[in-house]
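Per TrEMBL, the features are as follows:
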| type | residues | note |
| --- | --- | --- |
| DOMAIN | 1-340 | domain 'Major facilitator superfamily (MFS) profile' |
| TRANSMEM | 16-35 | transmembrane segment |
| TRANSMEM | 42-63 | transmembrane segment |
| TRANSMEM | 75-94 | transmembrane segment |
| TRANSMEM | 103-122 | transmembrane segment |
| TRANSMEM | 150-169 | transmembrane segment |
| TRANSMEM | 232-261 | transmembrane segment |
| TRANSMEM | 281-302 | transmembrane segment |
| TRANSMEM | 314-334 | transmembrane segment |
Amino acid sequence: MIIGGSLATRVGGRSVLLFAVLLWSLSTVITPLIAHSISGLIICRILLGLGEGLGLPTIFHVYAHYVPAEERSRAFGYLIAAGGVGQTVAAVLCPHLPWRTSFILLGLLGLAWLPLWCLLYPDTGDAESEGFMSRSGAAKVRWAEFVSHWPLWAIYIAHFAMNWSNYIIMHWLPTYLSRTLGANTESISLTAVPYIVNSVVGVAAGHLADRLITKKQWTVLSVRRLMTTVGLVGPAVFLLLFCAVTNLPAALLLVSIVMGFCAFNSAGHLSNHAEVAPNHAGVTFAISNTLATIPGILCGPVTADLVTASQGRWFPVFALAAAVNLVGAIVYYSQSSALQLLGLQRYSMMESYRERV
């Protein structure tokens, strides 16, 4: 991801995203053809990961350069919602297809996207003039700068906190519903509902955030803080309530509310990259998303240990997730900024302090 964000900054988002989608699409199409070879399969999965790693930071770079500030919240809302819809459709569709067909179909869809991208994305031929954003006054940024500002760490920590709750739900919700509430296989398929709610609310939150900025004259920083606070505190509250649920419909309702609140983050800290580092949003997002994958590694064994140590009780799991969210919300609210931090020599720590105050 960090390579993708850096490449997008150097050579432009058009070429990098084109290469990324081509790479992950080809590797997906080829997978059924070489699945008989363990080494070939491993190579294909590595190429898939490389392509996907390049992709998302490059998209953030493109958004920072092509989406005006007054439309940015809803643009990120649609981006996150589209990802959720894609995951839901694939999860529902693929179990009903032969596995080879699933790989080939989804890979071909990616390849069909490539000519549309070339037609719709203008080729400026110059990474420095990409998009509407002026780069005058921009300066080269040392790598240490990406971890030297509290407002950047506020984004990183908020992203980490958001993902901790998301990974708990993603990894453990089916297990919790089946073992604690006795859900059967058909009922488990309803776990797609919270992700649909997440997509719908994400779009609505984006429109609301942009309206607060353009119509109500809120500052960008106030909107980012509001959306992130709702997106972290809301899930924390309803995760604690989730512990008291004793039936499946109520559980799905509460999880849907959790995912709905979580969607507000798309108009909060996830949109904040384009303000604090407009010329390097791909790199800052890559660092943030890399750190935010740590919960995906930790929450599995931590959850198992907590449930085992508490003799099958899940309250410690949800209490820890709520605590992580609350810490993330406090750090982001107190340390975030909407000033450009990277690429301008004139930015100082005093300006960062004044902006937060």
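Count begins at 1; order follows the chain as displayed.
Glycine residues also receive a Cβ, built from the backbone N, Cα and C atoms like all the rest.
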Range from 16-35, 75-94, 103-122, 150-169, 314-334 with the greatest count of C-beta pairs under 8 A to the transmembrane segment (281-302): 150-169
Outside the transmembrane segment (232-261), six or more residues from its ends: residues with CB under 8 Å to it: 158, 161-162, 165, 168-169, 173, 176-177, 181-183, 187, 190-191, 193-195, 197-198, 200-201, 314-315, 318-319, 321-323, 325-326, 328-329, 332
Cβ-Cβ under 8 Å with the transmembrane segment (314-334): same-chain residues at least 6 beyond its ends: 153-155, 157-158, 160-162, 164-165, 168, 172, 176, 180, 225, 228-229, 232-233, 235-237, 239-240, 242-243, 268-269, 302-303, 306-307, 356
